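Visitor: Before I ask anything, let me first share the structure, which is written out below as structure tokens.
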Amino acid sequence: MAILSLTELPAPAKLNLFLHVVGRREDGYHLLQSVFALIDWCDTLHLERRSDGRLARHDLGPALPADDLCLRAARALQQASGSALGADISIDKRVPWGAGLGGGSSDAATVLLALNRLWDLHWPRARLAALALTLGADVPFFVGGHNAWVEGVGEQLTPIELPPLRFAVLKPAVAIPTQAIFGSSLLARDTPRAKLAVFLASLRIPGNGELAGFGRNDLQPPAMAHSGEVGQALELLKARYGNSRMSGSGSAVFAETGVGDSFDQAPPEASDIGRELPAGWVFRLCRGLERHPLADWLDP
Ligand SMILES: C[C@@](CO)(OP(=O)(O)O)[C@H](O)COP(=O)(O)OP(=O)(O)OC[C@H]1O[C@@H](n2ccc(N)nc2=O)[C@H](O)[C@@H]1O
Ligand SMILES: Nc1ncnc2c1ncn2[C@@H]1O[C@H](COP(=O)(O)OP(=O)(O)O)[C@@H](O)[C@H]1O
């Protein structure tokens, strides 16, 4: 029987455990190396199939831009598949945007995964990932289903196993436009290529946090110059947890707070850092996810 609705679908955020800019393509896009780690900070989506072909979005939380990534993803799949069906997409937006947490990209991926089912398309993962790349560099990762070593502009994904990491994530009030950071004269664009084996070996050294043990975020210096709030957030986390780094193009920063025994363990303990925060800042303790919650929806 046809599936008519899918509810309570998670769209998890990501952290870039490190991010190196290793070169530039002829079209100006930057070549990266990064480890993308899924975390349990999620938007929630509900999708209902429509037979009239219309695509509509309903904001259950904060209002999104009219033509947001959910609708762009739905339209792209409708055009590429030739489906005459439509959808009502309701979204409860919880992950801050302009944060480097990939929330919009993850929403787009969840819409693609859901419509692939609701419209009975049966597209395999590789085909969905190729369409995802036309929506944004981060979208294929969220369709991929696994934590990954990421190269190219985000399309070359090598699934990796991470230990069950715990993080404190702090998003200052400022939202940072990705384009401004990649265009900055302060950006180092020639970091030597790193090897996946060296990153994986750094994970195995006891007590060696991922932040202290490997790499840096090359986008951090231009983001700090863009907004003083990024540096303030980094200092706040460092004072509390002893380490801190920015995710993606910012403005969110994170600290690794430890490694749990398993991914299924109880949520991290409460922290008092929230009480000291300026207006508009958001603090959250997060767990790493072993896999995307919808990873089983497609073949490996
Ligand atoms: C930096 C990263 C790392 O995870 O994440 P976020 O901070 O967005 O989460 C991503 O590579 C961001 O990817 P994404 O957010 O899809 O960027 P896009 O909207 O495609 O790009 C916005 C603009 O940034 C520049 N850009 C983006 C990616 C890249 N590898 N090189 C670039 O030069 C381009 O000028 C582009 O027009
Ligand atoms: N569904 C969406 N959720 C969040 N941002 C969206 C969405 N659709 C479009 N956007 C736009 O995309 C930009 C980047 O969003 P997001 O993917 O959350 O990236 P980042 O990782 O850079 O924070 C936002 O500034 C916003 O204007």
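Even glycines carry a Cβ here, placed using N, Cα and C.
TrEMBL: automatically predicted annotations, no manual curation.
Computed from a predicted structure; not experimentally measured.
Below are the features listed in TrEMBL for this protein:
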- Lys14: active site (ACT_SITE)
- Asp138: active site (ACT_SITE)
- Pro96, Trp97, Gly98, Ala99, Gly100, Leu101, Gly102, Gly103, Gly104, Ser105, Ser106: ATP binding site (BINDING)
- 69-145: domain 'GHMP kinase N-terminal' (DOMAIN)
- 209-257: domain 'GHMP kinase C-terminal' (DOMAIN)
Visitor: Select, from Lys14, Gly100, Gly102, each of the recorded positions with a Cβ positioned under 6 A from at least one atom of ligand 2; if none does, say none.
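Guide: Those recorded positions that pass the cut-off, since their Cβ is under 6 Å from ligand 2, are Gly100, Gly102.
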Visitor: Using the Cβ centroid of Pro96, Trp97, Gly98, Ala99, Gly100, Leu101, Gly102, Gly103, Gly104, Ser105, Ser106 as the reference point for the ATP site, which residues of the same chain not in that list have Cβ within 8 Å?
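Guide: Going along the sequence, the neighbours come out as Ala13, Val95, Gly248, Ala252.
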Visitor: Name the secondary structure element type, per DSSP in three states, that contains Gly102 (ATP binding site).
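Guide: Its secondary structure by DSSP: coil.
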Visitor: Taking ligand 1 as the reference and 6 angstroms as the Cβ limit (strictly under), which recorded positions among Pro96, Gly98, Gly100, Gly102, Gly104, Asp138 are close?
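Guide: Passing the 6 Å Cβ check against ligand 1: Gly100, Gly102, Asp138.
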Visitor: With DSSP, how much of the domain 'GHMP kinase N-terminal' (69-145) is helix, how much strand and how much coil, in residues?
Guide: 44 helix, 7 strand, 26 coil
Visitor: Give me the Cα-Cα distance between Ser106 (ATP binding site) and Lys14 (active site), rounded to a whole Å.
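Guide: Lys14 (active site) has its Cα 9 Å from the Cα of Ser106 (ATP binding site).
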Visitor: Which of Gly98, Gly102, Gly104 has the fewest nearby Cβ atoms, counting only those within 10 Å, among these binding-site residues?
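Guide: The binding-site residues Gly98, Gly102, Gly104 were compared, and Gly98 has the fewest Cβ atoms within 10 Å.
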Visitor: List the residues of the same chain that sit at least 6 positions away from Pro96 (ATP binding site) in sequence and have their Cβ under 8 Å from its Cβ, in sequence order, or write 'none'.
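Guide: Those within reach of Pro96 (ATP binding site), by Cβ under 8 Å and sequence separation of 6 or more, are Gly103, Lys171, Ala175, Ala252, Val282.
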Visitor: What residue among the recorded positions Gly100, Ser106, Asp138 has the most other CB atoms lying within 10 A of its CB?
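Guide: By the 10 Å Cβ neighbour count, Gly100 comes out on top.
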Visitor: Restricting to the chain of Lys14 (active site) and a gap of 6 or more, list residues whose Cβ falls under 8 Å of its Cβ, or answer none.
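Guide: Spatial neighbours, sequence-distant, of Lys14 (active site): Phe36, Ala37, Leu38, Ile39, Leu101, Gly102, Ser106, Asp138, Phe141, Phe142, Ser247, Gly248.
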Visitor: Helix, strand, coil: count each for the residues of the domain 'GHMP kinase C-terminal' (209-257), based on DSSP.
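Guide: Counts, helix then strand then coil: 25 helix, 8 strand, 16 coil.
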Visitor: Let me know the model's mean pLDDT on the domain 'GHMP kinase C-terminal' (209-257).
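Guide: Per the prediction, mean pLDDT sits at 92 for the domain 'GHMP kinase C-terminal' (209-257).
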Visitor: Reduced to three states, what secondary structure does DSSP give Lys14 (active site)?
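Guide: In the DSSP reduction, Lys14 (active site) maps to strand.
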